[in-house]
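Undergrad: Dumping what Swiss-Prot says about this protein:
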{"type": "ACT_SITE", "residues": "Tyr23", "note": "active site, proton acceptor"}
{"type": "ACT_SITE", "residues": "His100", "note": "active site, proton donor"}
{"type": "BINDING", "residues": "Asn74, His80, Asp87, Ile101, Thr102, Arg111", "note": "substrate binding site"}
{"type": "SITE", "residues": "Arg18", "note": "site 'Transition state stabilizer'"}
Amino acid sequence: MPSILLLNGPNLNLLGTREPHLYGTTTLNDVETVAKELAASYGAEVECLQSNHEGVLIDRIHEARGKSQAVVINPGAFTHTSVALRDALLGVGLPFIEVHITNVHARESFRHHSYLSDKAAAVIIGLGTFGYQVAVKHALENLVGLEERK
């Protein structure tokens, strides 16, 4: 069965309670449930992992080779700091989509640079948690080549 890996970086486990004026009240569990339901409508699955630890995310990216067809990732603060995460994504050769809940370009200047964006198949910012649905749908249709089952 085709599979998408959905990764979330540091502090995203706090979705729903962390700065709801920025991130909304949708929880990470809600995001993952919707992503899995969407993938199922394409005959695919979504595997989810959230970690506050860079090495855990990197290890899971390495494990995705041969198992997943694409990666959807919200790297959180690692967006702006992690060359290692970039290298892991490039090293496994899987297409990936970068997601950010807020418009990072409208926030503090240190959030404007991403180590991933120039290599991502797509970058989705500022759509709130709906951005995950856009990313999963795009990955399934355009990176994996599936059509939604009617």
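Glycine is no exception: its Cβ is also placed from the backbone N, Cα and C atoms.
Are these features on the surface or tucked inside, and what are their neighbours?
TA: Non-local neighbourhood of Tyr23 (active site, proton acceptor): Leu15, Gly16, Ile101, Thr102, Gly128, Thr129, each in the same chain, at least six residues away, with C-beta under 8 Å from its C-beta.
Sequence-distant neighbours of His100 (active site, proton donor) (same chain, 6+ residues apart, CB-CB distance under 8 A): Asn74, Thr79, Val123, Ile124, Ile125, Gly126, Gly131.
Under the DSSP three-state reduction, Asp87 (substrate binding site) is assigned to helix.
Every protein chain shown contributes to the tally, and the Cβ of Arg18 (site 'Transition state stabilizer') ends up with 12 other Cβ atoms within 10 Å.
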Undergrad: A 10 Å Cβ contact count, applied to the binding-site residues Asn74, Thr102: which residue has the minimum?
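TA: Among the binding-site residues Asn74, Thr102, the lowest count of other Cβ atoms within 10 Å belongs to Thr102.
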Undergrad: Ten-angstrom check, please: count other Cβ atoms within 10 Å of the Cβ of His80 (substrate binding site), all chains counted.
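TA: Summing over all protein chains shown, His80 (substrate binding site) has 16 other Cβ atoms within 10 Å.
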Undergrad: Please report the Cα separation of His80 (substrate binding site) and Arg18 (site 'Transition state stabilizer') in Å, rounded to an integer.
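TA: The Cα atom of His80 (substrate binding site) is 20 Å away from the Cα atom of Arg18 (site 'Transition state stabilizer').
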Undergrad: So, three-state DSSP: helix, strand or coil for Asn74 (substrate binding site)?
TA: strand
Undergrad: Hey, how far is Asp87 (substrate binding site) from Arg18 (site 'Transition state stabilizer'), Cα to Cα, in Å?
TA: 29
Undergrad: Max Cα-Cα distance in Å among Asn74, His80, Asp87, Ile101, Thr102, Arg111, the residues listed as binding substrate?
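TA: Across Asn74, His80, Asp87, Ile101, Thr102, Arg111, the widest Cα separation comes out at 24 Å.
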